[in-house]
Structure formats: C-alpha cells, structure tokens
Amino acid sequence: MAREQLHVLNALDAAKTQLYHFTAIVIAGMGFFTDAYDLFCISLVTKLLGRIYYHQNGAAKPGNLPPNVSAAVNGVAFCGTLAGQLFFGWLGDKLGRKKVYGMTLMLMVIASVASGLSFGDEPKAVMATLCFFRFWLGFGIGGDYPLSATIMSEYANKKTRGAFIAAVFAMQGFGILAGGMVAIIVSAAFKAGYPAPAYQDNALASTVPEADYVWRIILMFGALPAALTYYWRMKMPETARYTALVAKNAKQAAADMSKVLQVELEAEQEKVEEFAQKKGNNFGLFTKEFLKRHGLHLLGTTSTWFLLDIAFYSQNLFQKDIFSAIGWIPPAQTMNALDEVYRIARAQTLIALCSTVPGYWFTVFFIDKIGRFAIQLMGFFFMTVFMFALAIPYTHWTHRENRIGFVIMYSLTFFFANFGPNATTFVVPAEIFPARLRSTCHGISAAAGKAGAIIGAFGFLYAAQPTDPNKTDAGYPPGIGIRNALIVLGCVNFLGMLFTLLVPESKGKSLEEMSKENEEDENVTELRAQGGNDIRTVPV
C-alpha cells in the first residue's frame, strides 16, 4: 500500500525538462569524460613506454613493457577505481552526495597531473611513480561512478530519468574520443618537429628523446576538463531526496528545490518524520529485510556489470593488438616511436567515432521508450552473436581482403555494448535501491564491474598470446590465442544475458516506487486490512 509522496519529490518527478537538467548532465558528465579519457589513454602510450624505457640493443623488435609491468600500468587504475567505488559510494550515503563530490574531483585533477611526472629516470622509478599516481587517479574516478549516477537520478524527472543518467554516462564516449584526438595531435606535432627513421633502419634513433614528453602531455591533459567543472560542482545544492529522506531536513530540501525548480514548495517536516519512524524504511544493507526486498536486484546489477566489463574492457584496452593482428597497424619495426602512437590513436579514434559514441547516444534516445531491460537483453544478445561471428571464422578475418569486414563486426560489438549493457548497468542501480543505500549499492555494483574489468584486462593480456611459444610477445607464456579468447568472451556475454533476467524494469516509475520507500510494511498493511487498530509493535 503506497503512502502519499512528499510534495518536493513529486515536483521533481513531474518537472518538465529544464535548463538545470542539462546543467546537471554537463557537470556530472564532465567527470565521466575525464574518467574515460584517463582510463583509456593509457592504452595509447604503453607501446611508447616500452620503446623508451625497455629498449634492448640489437633486438629485432622495439622494446615492450615486460608482462608484469604492462599488467600493472594497465590495471592499477582499475584497482583504485574498485576501491574508490566502494569507499565513496558508502561515504555518499553517510555524508551526502555533494560533500563527497568535490573530493573525488580534486583527487582526479591532482593525480592526473602527477601521473605525468616521475621521480628519477630509471625504468623502475618511472613505472612505480606512474602506477602509484594512477592508483589514486582510479580512486577518485571510482567515487564519480556512484555519486554522478545517484545525483542525476535524484535530480531527474520520472519521464526522462533514464535518458539523463545515460547522457551522463555517454560522456565517456567523448572522453575516449578526446583521448584519441589528443594523442593524434600531440604525436603528429612531435613527429613533424622531430623526424626519426623507422626502427628497422636505425633502432636507437627511431625513438627521439623528446618522445618522453609525449606520453606525459597525453596523461596530464586529463586534469583539464575535471578542473573546469570543480566550481560548478560546488555550487550544486544537495539532492532533495538525500536531504529529505536521509538527512530528514524537509525545510532545507524544499528551499533548495524551490531555487532549482523556481517554484514555491512547502516543507513537510511532519511527513518526513512520519516516514523516518516506519520500521520498513530503516533497514540496513546487511539485514534480512534488505535481502528479501533487494537481494536479487543487487545480485542482478552486480553480476551483469561484472560479466559485461570482462568483455568490454578486454576488447577496449587491447584494440591495438587486434588491429596489429589483422594488419591495420603495420609491424612495429617498420615505424618510429611517434608514428606508432599516431597510428594506434587514429585506429582507436575511428572505432570510437563510428561505433562507441553512436552506441551511447542510441541508449540515451531509446532508454525511456523501450526500457532498460529490453536494451540490456538485446545488447548482450548481439554482443554474443558478433563475438562468435568474429571468433569462429577468425582465420578468414585475418586475410588482407577481409580486414574491413573484421573491423565492421568488431565495431558492431562495441555499438551493442554501448547501446546495451554498458549504459544500462550504470543506470539501473541508481534507480532501484532506497535513498539511504542508493550510493552504496551503486558503488557495490560498479565495483563488481571493475573486478570484471581487472579480469578482462589482466586475463586477456595472457590469454590472447599465441599457442606457439616462439610467437608470443617477449616475456609472456603461450596463451590460448585471440580466436579462443574471443570465444570465451562470447560465452561471458551469453551469461550476461541470463543474469539480466534478475534486473527489474524501472521505466516511468518514481525512485520511491522502485525502492518501495513510499510503501508501508506488508505486516502493517495486512493488519489494517484485517481491521487491526494497534499497529505500534508490529514485528519486521
């Protein structure tokens, strides 16, 4: 049995799309722009780091990062992100969304700048410094996931909430695109200013000393968009749902939202206190009541995000290896260091432009029309189909005349990841849990995703190595090959489709409807139905 909703929350649910909605999208979205830029630009510079710091005189191929260093550089930010999602997700429910929001952004700015600096010029010192600051960068990025999603869901109206949260997440697409474009511009500028021969012509001269600035500039640029939005984040008022339902301050909630919505709203302190006294609205995360109401939902959001990210991040971080395997990027020894950065960045930008960015915005346009569940199920289904279509006839795709077909199929898997579970796994956890646990549960779901990303990033690094020990990259044991690795990813996507069945549909419903915060205890309702008058001591 539903209770009467607070006027301030009704006003937010029924509000027409206004300027403050778009302002909130940009402010929250710039965090995701930075997140994506920082997490993905590292994959553009790893080959350059290998050439600069791990060059071996007389070697037939340019220097490569050793397996343990490569895994650390690629994966350490994910470890930081996972920790940040859990910590800041919990903190966002304890201190409020706004208080914690500024902390995560400053951490991202400082760590972005610092990751381009290094103590000493020895490979070990440079890599240790890079890994240390990228962990803290990831920690800040992790906080942005639950906070941005929760803030946007609590500000949005009922009708277009899915599109608004998805639009925040879609800024990731522009972040990936910007990472590629910055790398193209910086490497092209240095290439023009400092010409160098190919590695096979002159191994030592192929990496000019100035190349050391290239990777630093690319990484440090990530601080700029985050720094630009700090002022606006600090001006955003706390969300009405946190102020009213968690902090129990109806007067402040009404005052804040009156300014935002530019309408008069009455404070309903008595109603807030009445809500607070209901036992059904006080259960914690580790309680039987939470397990009964939201246990399967949390399993659904964590498992689908976990499975998606295994496939998504292993694909994304190792695009350059797949491009090399099909001949899109020539052999490393035929290029100089800056030319290699330029070509990898160009290939990644093309994929982002053709499939990644459109996929995100398809979700934005369709999520409130066809719903979260349908988009997620469809996305996982097509990712499974295209992954198997790439993997089973893999030898066919490696032939020179078929490589365009391979890139189209590979792009389609990305398109359906983004017009599918990559966006919906972010949206749904911000809608279906109670306000006092919303940020925490989103953080747990996102952390499960990052655990999948770590498996994808680290596992794929080894799994994609050829089965022939003579053909593996230096320092790597034989793997199962790219073909078998893609088959494994196809199976992972299929499991994602099955676990999607645990996720509820939240299209067109208010947040309180989804979390059942405006409903009385079943026991209370039952007693009322039976004509019971004394309902003060009903067990939960």
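Numbering starts at 1 and runs along the chain as it is shown here.
In case you wondered, yes, glycine gets a Cβ from its N, Cα and C as well.
Per TrEMBL, the features are as follows:
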{"type": "DOMAIN", "residues": "24-508", "note": "domain 'Major facilitator superfamily (MFS) profile'"}
{"type": "REGION", "residues": "512-540", "note": "region 'Disordered'"}
{"type": "TRANSMEM", "residues": "20-49", "note": "transmembrane segment"}
{"type": "TRANSMEM", "residues": "69-88", "note": "transmembrane segment"}
{"type": "TRANSMEM", "residues": "100-119", "note": "transmembrane segment"}
{"type": "TRANSMEM", "residues": "125-143", "note": "transmembrane segment"}
{"type": "TRANSMEM", "residues": "164-193", "note": "transmembrane segment"}
{"type": "TRANSMEM", "residues": "213-232", "note": "transmembrane segment"}
{"type": "TRANSMEM", "residues": "350-367", "note": "transmembrane segment"}
{"type": "TRANSMEM", "residues": "373-392", "note": "transmembrane segment"}
{"type": "TRANSMEM", "residues": "404-423", "note": "transmembrane segment"}
{"type": "TRANSMEM", "residues": "443-464", "note": "transmembrane segment"}
{"type": "TRANSMEM", "residues": "485-504", "note": "transmembrane segment"}
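The highest tally of CB pairs under 8 A with the transmembrane segment (69-88), across 164-193, 213-232, 373-392, 443-464, 485-504, is held by 443-464. Taking every listed stretch (100-119, 164-193, 350-367, 373-392, 404-423) in turn, the largest tally of C-beta pairs under 8 A with the transmembrane segment (125-143) is reached by 100-119. Contact between the transmembrane segment (485-504) and the transmembrane segment (373-392) is supported: at least 3 Cβ pairs lie under 8 Å, counting only residues 6 or more apart in sequence. By the Cβ criterion (distance under 8 Å, sequence gap of 6 or more), the transmembrane segment (350-367) is not counted as touching the transmembrane segment (100-119), fewer than 3 such pairs being found. Note: the stretches the transmembrane segment (164-193) and the transmembrane segment (100-119) are not in contact (fewer than 3 CB pairs below 8 A, sequence gap of 6 or more).
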